[in-house]
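The block underneath contains the structure these notes are about, expressed in structure tokens.
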Amino acid sequence: MKSKELSVDLRDRIVSRHKSGEGYRKISAALKVPMSTVASIISKWKKFETTRTLPRAGPPSKLSNWGRRALVREVTKNPMVTLSKLQRSSVERGEPSRRTTISAAIHQSGLYGRVARRKPLLSKRHVAAHLEFAKKHLKDSQTVRNKILWSDETKIELRRHVWRKPGTAHHQANTIPTVKHGGGSIMLWGFFSAAGTGRLVRIKGKMTTAMYRDILDEDLLQSTLDLRLGRRFIFQQDNDPKHTAKLPKEWLQDNSVNVLEWPSQSPDLNSIEHLWRDLKMAVHRRFPSNLMELERCCKGEWAKLAKDKCAKLVASYSKRLEAVIAAKGASTKY
């Protein structure tokens, strides 16, 4: 088994004791380091005048500097270029085409293959609206943010663990039957504020304007009461056509609900996305066996999400807005 490398601090202490006149045996006993290791570190220090780990020598690169720069240019220009395409490009230049050689050359430039993140497609209009929203609300007081009732929908899939042999993943006994329009998942609509989580509603079938109006009537107002937001709360919803249609729009006006103006294509501006992630992790740890059990698990875990977590998400909202401003309205890490 390969031994663990000593920390730089410990190596420095070995050299420091050597400089003060201590012998190898005394240093070894004091620092609990094998005497052979002490001797090796001091020998390397005398030779290279440093205790840091030096770059290890290896076989010379088979790629020319020109070939390496060409690969980096190609990857920088098109981050989604495939390794197979890079191999073909390398062959056309008369350079080595082994996948490991090409990967190593690109890694040396600080570029690594990673799964691309999925983000909404943003037009110039979306980007401008994001930036305008972030600048407008960056200076909102915490009192104002504490009055916001956030909302959104999410899909949670039914997961089942099975005992199976390799190569049998698609056998009928090892799969969950699904039907068109989400037979193996449920859609949920949820509310939360700095005071905690509000109602969580299962959407059965395809969401309609009338269904959304009913959610507002039955669950939005109850959430504001449960969270003690008072009558002057601010309601956040996205710009889905069902949310801005005549029925829900009239309901919101009739009930004097102050609606937060919201830019399209902006899930990274909604703090509820963090709660959806936490909810899914908690639910999947319980392995519900059917959709009814999945719904019960979701509602139970939603109610258990910590109030201080909700408060921290709202308290740190400025960081989201600052990230949007730094990205000039484009997508962020959130």
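Placed from the backbone N, Cα and C atoms, the Cβ positions cover glycine too.
Annotations in TrEMBL come from automatic prediction, not curation.
As given in TrEMBL:
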DOMAIN    1-52  domain 'Sleeping Beauty transposase HTH'
DOMAIN    68-139  domain 'Transposase Tc1-like'
DOMAIN    148-294  domain 'Tc1-like transposase DDE'
The mean pLDDT across the domain 'Transposase Tc1-like' (68-139) is 89
DSSP composition of the domain 'Sleeping Beauty transposase HTH' (1-52), residue counts helix/strand/coil, works out to 34 helix, 0 strand, 18 coil
Quick one: DSSP breakdown of the domain 'Transposase Tc1-like' (68-139) into helix, strand and coil? 43 helix, 0 strand, 29 coil
